[in-house]
Ligand code: KG4
Ligand code: ZN
């Protein structure tokens, strides 16, 4: 099997992106993502609307992925899909579709844990990057997740810490909302932060034991801070948006880097891989570069399209499991809560 070409169709529908990808072994032939714009007007993902949009998008997105890859469905070796974690209604669409197609084509079905996929996205073939060597530390930071994981091999992972409340992307988005910025506010906070003074305002950092995170307190302190300041000056936010964003971002990055440094110290592992939508943040990228120079870390960030939710990362896990002969029975059900390694 080593030299053969295996074509994997992968499906991701855990949150608000309907995505399908075709991989030939570790190479991505297509990776189509239909981002659901409907949630913007509500300032966050509305689960019921997400499921309906997946229902509408899934067939055209899969067709497009096959067409772009120039692969006929009869050539497929297996179907990989996100079983969880995520929104139940959204997961059900991808799970049911994947099961039906695998049954119809009489090919293996492969379940994938979305959080493992964010990490294994580093193993997608990319001539501009080398994947991290085992063992490495992976920090997944996105709108739905904040986790530090010790990765000993493709399928041996241990969660060292995770958020106890909001995800880091939520912290960005909710702070942005308080400043009147549109959803998702993370990229806008980043943009303003680049022009602001990170030490202009001081926000408290939460005291959380071990390697876990908490971001809900930050949101509350920003709310009180803005209420206080706008009472004296109604234009406070618009006049100081760059400095506020820079200070908020600085606090968030301090929280992330502090835990990451503890994880490196505790494990002695200096290969640090980042993934998830927040990995696009220019500040975190700068901090990682700094850690390479001052702390001797080696850091890894996949291409942006493989950081945000996408089916290519589901496909790479699909391929690795296909090689290992790790297939899934048709009785499988979606799993909204699905811890790594469970
Ligand atoms: O991975 P992703 O596309 O979807 C989830 O699985 O959640 O991540 C989206 C999150 C949003 O919270 C968005 O605001 C945040 O990533 N984000 C950023 C930046 N780009 C995206 N946060 C801070 N700075 C950025 N440049
Ligand atoms: Zn995700």
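Cβ coordinates come from backbone N, Cα and C, glycine included.
Owing to the predicted nature of the structure, the values given are computational and were not obtained by experimental measurement.
These features come from TrEMBL:
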- 27-315: domain 'Gcp-like' (DOMAIN)
- 114, 118, 309: Fe cation binding site (BINDING)
- 140, 141, 142, 143, 144, 173, 186, 190, 281: substrate binding site (BINDING)
Filtered binding-site residues, from 140, 186, 281, 309, whose Cβ is under 6 Å from an atom of ligand 2: 309
Listed binding-site residues 140, 142, 186, filtered to Cα within 10 Å of residue 309 (Fe cation binding site): 142
Binding-site residues whose CB lies under 6 angstroms from ligand 1, from 140, 142, 144, 186, 281: 142, 144, 186, 281
Number of other Cβ atoms within 10 Å of the Cβ of residue 186 (substrate binding site) across all protein chains: 25
Residues close to Fe cation site centre defined by 114, 118, 309, Cβ within 8 Å: 12, 14, 82, 115, 117, 140, 142, 144, 145, 276, 310, 313, 314
Binding-site residues: 114, 118 - member with fewest neighbouring CB atoms within 10 Å: 114
Listed binding-site residues (140, 142, 281), ranked by Cβ neighbours within 10 Å, top entry: 140
Nonlocal residues around residue 144 (substrate binding site), in sequence order (Cβ under 8 Å, 6 or more apart): 15, 86, 167, 169, 170
